[in-house]
Every structure is written in structure tokens, then in C-alpha cells.
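A.B. asks: Quick one: the structure is below, questions incoming.
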Amino acid sequence: MTRKLFGTDGVRGRANTYPMTAEIALRMGAAAGRYFRRDSSIAHRVVIGKDTRLSGYMIENALTAGLTSTGMNVLLLSPVPTPAVGLLTPSMRADLGIMISASHNPAEDNGIKLFGPDGFKLSDEVEAEIEALMASDIPLAPAAEIGRAKHVYDGLFRYIERVKSTFPTELRLDGLKVVVDCANGAAYRAAPEVLWELGADVVAMGVEPDGLNINLGCGSTKPEAAAAKIREVGAHVGICLDGDADRVVLIDETGQVADGDQIMALFAKRWADEGRLKGRTLAATVMSNLGLERFLADESIVLHRTAVGDRYVVEAMRAGGFNLGGEQSGHIVMTDYATTGDGLIAGLQFLAEMVRTGQSASTLAHNFETVPQVLKNVRFDVGAAPLDAPAVQAAIAAGEERLTGSGRLLIRKSGTEPLIRVMAEAEDEALMTAVVDDIVGAVEDAV
């Protein structure tokens, strides 16, 4: 059974345009309700969270209508980070968790992510079954069994307490000035509150969401503003989250950015030294830098490569019994603490290292020399298949041959946007850039 709607992180697209329409959300809610309510002898419930996008309310209402029409009870959260849904779904004994978010994408986009009763994202197979149900005639509940919907007003505060509980109780953040950029997204209340309650001097940015400014010139994909603020106020460190707060990048006191690879390198070494790194293995995607792989090898730590997408990182972690993984983009997954990437928890663990060791962010955050890497994206029309074009395949083959023995090449279709991503790594930057430019040119000609 194959998936067409679902990508690497649920369903995503431009709001009010297929597939992110109220009609599709309604059918998805009904299909998911039907799937999880197959045993009608017990009450069933679903938790729904959302970020701060204007379209989130439309999609939330459509999902709620679909779910309740099949007899599911719906628990509605205020805007919360994605990991809060992963936490609260099992806590509230729900069959299903839903997060309405397009993560780091612009406000015009939105998405739907599905979580199982254990708080982990649903497998490809379950998503495929739900998608198949969407195309079928879905039986509705009798009038007396229609589900109910209610708001859960303390969900965000339950999440805040959980995040704080991951910070060592013997440590405090007193004397530490922290810039936190919440991307005008889901963590705009939680992140400053957590840091303040733990004692930090908090300089908050991106905490004025208006429904249209999420990720706009801020957050983990645009850390320049936070870097400037750090230099302006003399902060010790910066934490930049994305729109749903499941990814993070850090900024040291000089304004230099540390991506997910650098963050994972620090945690992997510390945990390995302490005997906490299960299997002495880090799970990361094929996008992670070769420099990370070399650093881990020097520390006798195994790098387990996965497909792109934090869900595939988590699947590999669960299959192998590992407890640390993530992506270069900033998804940091620590299954000792959470079921999915949690930017705020990852940021707190970094602050704990600063306090525990007395070392600066710049000392802790840059553990290896990155191999030069270039990544370029080419947008294409939905439904097109530029990678199938003979000229593109020839350019890829030529690039692979030129980089043989001196670098690596990765070309893939994004699972969340209509983009072809062309990435190369090599010590010879001129060669690497030329290879990428040739392939990008061929893809652009094909679209």
C-alpha cells in the first residue's frame, strides 16, 4: 500500500490549496477516526495541537468535525510545540495525536502530523491505511455516538513542567544571559517561561505571533537576527527554534551558529564518556556532514545513517535501541526525554553543559571541522518528475564520477516541499561547487 498525500513528515502544502484544504482535513479526520475506533466497545479520544498559523484554526475545525463524526472525542490544546503532542497523547490515554504545523515553512503553508498512542509518529504503513480509508466510503457514527470536543487549557503548562524536569535539579541558570528566538511560533510562551523559571536572564525574540509572521526573518532557519541581538546585549548563548519548536540551532557568544551536527557531536561525546550513549551509537541522516562522521569515529562512536526525516531517525533509534539521534537541520531526538525532536529540551541540555563545565558556548558548540558542503534547492511544479529526465540523470552520473574518492553527492526530492535538493561535500570546494551547479542547471532546464 503506497502513500500519495503523506510525505516524510505528514501532509504539507499551501493552505486552502490541495492537499491542505478543509475538505481534505475533514476526510482525514474521519478516516483516522474510523481507523482508531475499530473497537467501538471503549471510548476513544484524540489530542490536537497547532502552531500559530492563521490557517491552523480552519484545519483544526475540519479535523474535529471529521473525527467527532466517527465517534472520536477530541481534546483541543492551545498553540503548543509539536513535542507537546507527543508527550500529551499517551499522558491523556489518547489513541491518536495530531499536530497542525508546517514546521519551518512560511505562514502560507500548513501541515498535519499524526502520532500514535505511544507518542511516536505513525509508521508509513499506518499512514497508508488511513490514506486508503480517505478514498473509501467512511461509515459515520450513529447520532447518539457522535464524539465530543473540549478544550484542555493546561496542556501547555504540563509540557513546560516536563521540559523543566529534564534539567538537572542541582543546576540553575542564574547569571546566564540567554537570547531565545521563538520564530513567532508554537514556543512563544513556553520557551521564555522555562528559561526564566530556571533562573536565566532571558532576552526573548519572535514572541509576537499574528498568524502570518511565523518563521518570518526569524527562528532556526534565519538565525542572523538572534546573532545580532547576542552581540548587542552581550548574551552568553542563543537558542533559535523553528515554528513548531521541534528543531533548534544554537548561537555562541560571538554570534557563530552551531547546527544539529555540532550539537549532536557534543551530546554524543558527553554521553559516551558517561556511559549513557546506548549502543555507543548516534543515529543521523544522510545529510549530516562527513566531519561529524570523522569526529565520531575518533571517539569510537558509531554513526548510523538514515533516510532524511526525523521520523526515520526515530524508527532507527527504536529498532536499534539507541537513545540519541537527529538531523543537521536541528532535530535533536533524545528518547530518554521525548518521543520526537524537541528544540527546547535540546537547548536546555546544552545550557546544562555550560553550567556544569563552566565553559563558554563557543568552546562547547564547535567540536569538529566541517567538510565543505554546498546545498542548493530547485523548485518544481507538483506532479513533475525532473529527476527522471535523461539530461539530469547524465549530470548526476557525471558528478558522481568527478567526486569519486574525494567527496560525496546526494540528490533527493524533498518530502515536505516541491523541491529537488542537491547536496555535495568535498575538500575541493571549487570542484564541489562546479558539480552542484552542473546538476542544478540540468534540473532547472528539466522543470
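Keep in mind that glycine also has a Cβ here, set from the backbone N, Cα and C atoms.
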A.B. asks: Just to be sure I read the record right: ASP242, ASP244, ASP246 are listed as binding Mg(2+) in Swiss-Prot. Which of SER91, SER103, SER123 is listed for the same site?
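C.D. replies: Of SER91, SER103, SER123, SER103 joins ASP242, ASP244, ASP246 in the Mg(2+) site that Swiss-Prot records.
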A.B. asks: About how far apart, in whole Å, are the alpha carbons (Cα) of SER103 (active site, phosphoserine intermediate) and ASP246 (Mg(2+) binding site)?
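C.D. replies: Cα-Cα distance, SER103 (active site, phosphoserine intermediate) to ASP246 (Mg(2+) binding site): 8 Å.
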A.B. asks: What are the other residues, in sequence order, whose C-beta lies within 8 angstroms of the center of the C-beta atoms of SER103, ASP242, ASP244, ASP246 at the Mg(2+) site?
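C.D. replies: Result: ASP51, PRO81, THR82, SER101, HIS104, GLY185, ALA186, LEU241, GLY243, ALA245, ARG247, GLY341, GLY343.
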